[in-house]
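Enquirer: Here's the feature list from TrEMBL:
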- 15-38: transmembrane segment (TRANSMEM)
- 72-124: domain 'FtsX extracellular' (DOMAIN)
- 179-206: transmembrane segment (TRANSMEM)
- 183-301: domain 'ABC3 transporter permease C-terminal' (DOMAIN)
- 227-250: transmembrane segment (TRANSMEM)
- 275-293: transmembrane segment (TRANSMEM)
Amino acid sequence: MRILKYAIKNIKRNAFLSLSSVLVLSLIIFFINILLLVNYTTDIIIQNINQRLTLSVTLNKWYTNENSEVIDLISWIRSLNSSVLVTYVSPEEAFSTMKERDPELTKLVENPNENPLPASIKIENIWIREYNNLDAVIWKYKSAIVYDEKRFKKKIIDYRAQYDRINSVIKVFNSIKLWIYWIIGFFFFSVFIIIYNIIWNFIFFYRDEIKITKLVGGDNIFIYWPFSVQGFLYTLFSSLLSFVIFLYIIKTVNIYLIDDFPWFVNRFLESNSAYFFYEIAWISLIWLLSWFLSSQKFINKTAAR
């Protein structure tokens, strides 16, 4: 209790430095929350890619859903994930679909009884994390499909060309997520540096009292632990302030680029509730550690003079 009272006393005695510390930390926490929102938005975009992108695996001539290789291929793809939708498209169905979409194109076929379109397998709702596994499965059965990288790499009929295009999109979003984590880590490091420098100002401000306390045999725990408690209180105040501002902004601002943005915000808050807790825990730990290390170092340095 004495340590807490002394910590509160320190905050009151240097109110301006305390206020500036709280504001700086609040700003950092606010930007971390913004990055979490961007990261969640990226996840939603990736999820939408999963739902909307469709891969078409074109079978070689004479291959149908009655061939054992095709049956095994479909089974393997379905086993990747329960959400994966696999549909066999016969040559007749493919020709009928093309006829509905572009009747003029089908007129180019000289003999209506001769269907030039091959059978194919349509794959929907494949999760991005499963793309590499999917590619491995299809490579295993590439003798049954159009999978010639040299001849068909640039053609849309080739599965590999489709895979490469989707994979390039995946790499972009994964890079964004990686940079987000790096920036969040940089902000956490900034918290440590800022606190470490703030300590010097406090120690310099209280240097005479620290010397007197040391001379009369004061215990170190009553010298530097109040600074650690100060750090925890700053973290608490800063977190509350930043979260209030963050919640107010995302609750009042409507981004028209996102359908049903209020629902999106509620889902974001629900999905990231654990991350908010971890964020506060990590910042509290950084505060306590930086205050403890820097105060112990500077107190010993000041008292030795």
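Any Cβ shown, glycine's included, is placed from N, Cα and C.
Please situate the listed features within the shown structure.
Expert: For the transmembrane segment (179-206), the residues of the chain that approach it from at least six positions outside its boundaries are 10, 13-14, 17, 21, 24-25, 28, 31-32, 35-36, 38-39, 42, 227, 230-231, 282-283, 286-287, 289-291, 293-295, 298-299, 302, judged by C-beta separation under 8 angstroms.
Within the chain carrying the transmembrane segment (227-250), a Cβ under 8 angstroms from the stretch's Cβ atoms is held by residues 3-4, 7-8, 10-11, 18, 21-23, 25-27, 29-30, 33-34, 37, 195, 199, 202, 265, 268-269, 276, 280, 283-284, 287-288, 290-292, 295, all 6 or more beyond its ends.
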Enquirer: Could you pull out which residues elsewhere in the chain have a CB under 8 Å from any CB of the transmembrane segment (15-38), counting only those six or more residues past its ends?
Expert: 176, 180, 183-184, 187, 190-191, 194-195, 198, 201-202, 205, 230, 234-235, 237-239, 241-243, 245-246, 250, 268, 272, 275-276, 279, 283
Enquirer: Express the predicted model's confidence over the domain 'FtsX extracellular' (72-124) as a mean pLDDT, rounded to an integer.
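Expert: Mean model confidence (pLDDT) across the domain 'FtsX extracellular' (72-124) is 76.
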